[in-house]
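Participant: Below: one structure in structure tokens.
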């Protein structure tokens, strides 16, 4: 459960990300594909090379979904319901991949915003991403 401080930290972090969400999302995906090559199996139709237009487009989708979630912290299940259905029933993404992408996103954010990426912000973002992953996998059962 996100505390009031966590919610404040998450909102502040996403405000700081601003117009860089797509860029950071793509970078996190690239980092995931390089660090965890098995994740590429979910994107057989993608060019997963550095700078790929498909990776950039999907990175923007990921960032936009997370920005939407960050603006609906008190109602994540409803805010993410359609994405949960998509990932559980159509795409059938292994839930562990959400954790891998979350880790890569945290690394990306830490690289771009080291001064703002305090231990408290790191913990809040980690809890937020874990909560998002839990919601996205809630319809797998």
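Cβ coordinates come from backbone N, Cα and C, glycine included.
Heads up, here are the entries from Swiss-Prot:
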BINDING   58  O2 binding site
BINDING   87  heme b binding site
DOMAIN    1-141  domain 'Globin'
MOD_RES   3  phosphoserine
MOD_RES   7  N6-succinyllysine
MOD_RES   8  phosphothreonine
MOD_RES   11  N6-succinyllysine
MOD_RES   16  N6-succinyllysine
MOD_RES   24  phosphotyrosine
MOD_RES   35  phosphoserine
MOD_RES   49  phosphoserine
MOD_RES   102  phosphoserine
MOD_RES   108  phosphothreonine
MOD_RES   134  phosphothreonine
MOD_RES   137  phosphothreonine
Participant: Compared by Cα position, which of the recorded positions 3, 7, 8, 58, 137 is the closest one to residue 108 (phosphothreonine)?
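Facilitator: Going through 3, 7, 8, 58, 137 one by one, the Cα closest to that of residue 108 (phosphothreonine) is 58.
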Participant: Here's one to test understanding: among the recorded positions 87, 102, 137, whose C-alpha is closest in space to the C-alpha of residue 11 (N6-succinyllysine)?
Facilitator: 102
Participant: When neighbour density is defined as the number of other C-beta atoms within 10 angstroms of a residue's C-beta, which of the recorded positions 11, 58 has the lowest density?
Facilitator: 11
Participant: Averaging the per-residue pLDDT over the domain 'Globin' (1-141), what integer do you get?
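Facilitator: When the pLDDT values over the domain 'Globin' (1-141) are averaged, the result is 94.
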Participant: Measure from the Cβ of residue 35 (phosphoserine) and count the other Cβ atoms within 10 Å, all protein chains considered.
Facilitator: 12
Participant: Tell me the coarse DSSP state (helix, strand, coil) of residue 137 (phosphothreonine).
Facilitator: coil
Participant: Could you tell me the C-alpha distance between residue 134 (phosphothreonine) and residue 24 (phosphotyrosine) in angstrom, no decimals?
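Facilitator: That comes out at 22 Å between the alpha carbons.
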Participant: Tell me the Cβ neighbour count for residue 137 (phosphothreonine), meaning other Cβ atoms within 10 Å of its Cβ, over all protein chains shown.
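Facilitator: The answer is 18.
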Participant: Between the Cα atoms of the residue listed as 'phosphotyrosine' and residue 102 (phosphoserine), find the distance and write it as a whole number of Å.
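Facilitator: Distance (Cα to Cα, whole Å): 12 Å.
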Participant: Give the helix, strand or coil assignment DSSP yields for residue 3 (phosphoserine).
Facilitator: coil
Participant: I'd like to confirm something. Which of the recorded positions, 3, 49, 58, has a Cα closest to the Cα of residue 102 (phosphoserine)?
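Facilitator: Answer for the nearest of the recorded positions: 58.
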